[in-house]
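Participant: Structure below; questions to follow.
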Amino acid sequence: APSRTITRAVLSEEQAEGVGARVRRSIGRPELRNHDPFLMLDEFLVDKNGGFPDHPHRGFETVTGIIGPGDVQWMTAGRGIVHSEMPVFGDDEGGEKALTKAHGLQLWINLPKEHKMCDPQYQELLDTEIPRAEPQPGVVIKVIAGESHGVQSKVYTRTPTMFLDVTMEPNKVIEQRLPVDFTGFIYMLSGRTYLGDSYDSSHPNTNTNTNNNNGQFVASSANTNNQGQFVGEAHHTLTFSDSNNGLQEILRIETKDEPARFVFIAGQPLNEPIVQHGPFVMNTNEEIYETFFDFRNAVNGFERANQWRSTAGN
């Protein structure tokens, strides 16, 4: 089957966020405001005393993974939750490790209207609990959500979602299948990948559009090689084409002379209105007003919000 292609690449530049945190925003930046069903993806680097102090959420899910240890937390905010995200660097004896920074990713996934006011839920996954697919030597795919090469995640997702953490050694090729109705993207953590089918340089798709001033570009001669493959580089978000009426169910991904690590994220679009105010994501302005009322008055999901303080975030 022909491969899906990459429609554009957007570079994520580092910015300050939270307390003592540096963030590269992928989905959620101006060029990628919403990529239904995804609201935000951040690559973050947090120092020992930093993080994201107590804050509320309503109406979506967050997936947070620490790249070193490899553990993942899948949080469904639903009707309301208040929490802090402050990495704790301690060893088994209660002392302190030499580790002073946490490097990770956080993804925000929108919830459909019927689940926005569900009860909150946490799904915690240690690295050792995350199944791996190894379609060939030198390729490891951590299946955080969804399925890859016959390996299925146990994570329950209210919005149908794939979340794969892929490591490839040089000179490898994989074909990752995804449902025809899913939108998706790759976020490159390191290295370089070559995406899509190979063909000769006379292929018409190799000279379509050019770069703009926002670091955003659509598959063009500037970011394809002479086989017409799209070249993906570190800290870039690469958005997938649609499935061409169901004809393209795979994305072909290749490495050449260097290894690569990236996340492959795809999901079923909700096609619902999005009204977002910071950490609250609903379908209408009225629902946002109601959310502010509930939070200020500590009701309807925020009953303990006025009194509760985390130990890590204070």
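Backbone N, Cα and C atoms are what each Cβ position is placed from, and that goes for glycine too.
The Fe cation binding site feature in TrEMBL is assigned to H55, H57, H83, E85. Annotation comment: TrEMBL describes 65-109 as domain 'Pirin N-terminal'. Annotation comment: TrEMBL describes 164-300 as domain 'Pirin C-terminal'.
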Participant: Find, for the listed binding-site residues H55, H57, the residue with the lowest Cβ contact count at a 10 Å cut-off, counting only other Cβ atoms.
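Facilitator: Checked H55, H57; of these binding-site residues, fewest Cβ neighbours within 10 Å: H55.
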Participant: Determine how many residues of the domain 'Pirin C-terminal' (164-300) DSSP places in helix, in strand and in coil.
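Facilitator: Breakdown, helix to coil: 19 helix, 55 strand, 63 coil.
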Participant: Limited to the domain 'Pirin C-terminal' (164-300), I'd like the whole-number average of pLDDT.
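Facilitator: Mean pLDDT, the domain 'Pirin C-terminal' (164-300): 82.
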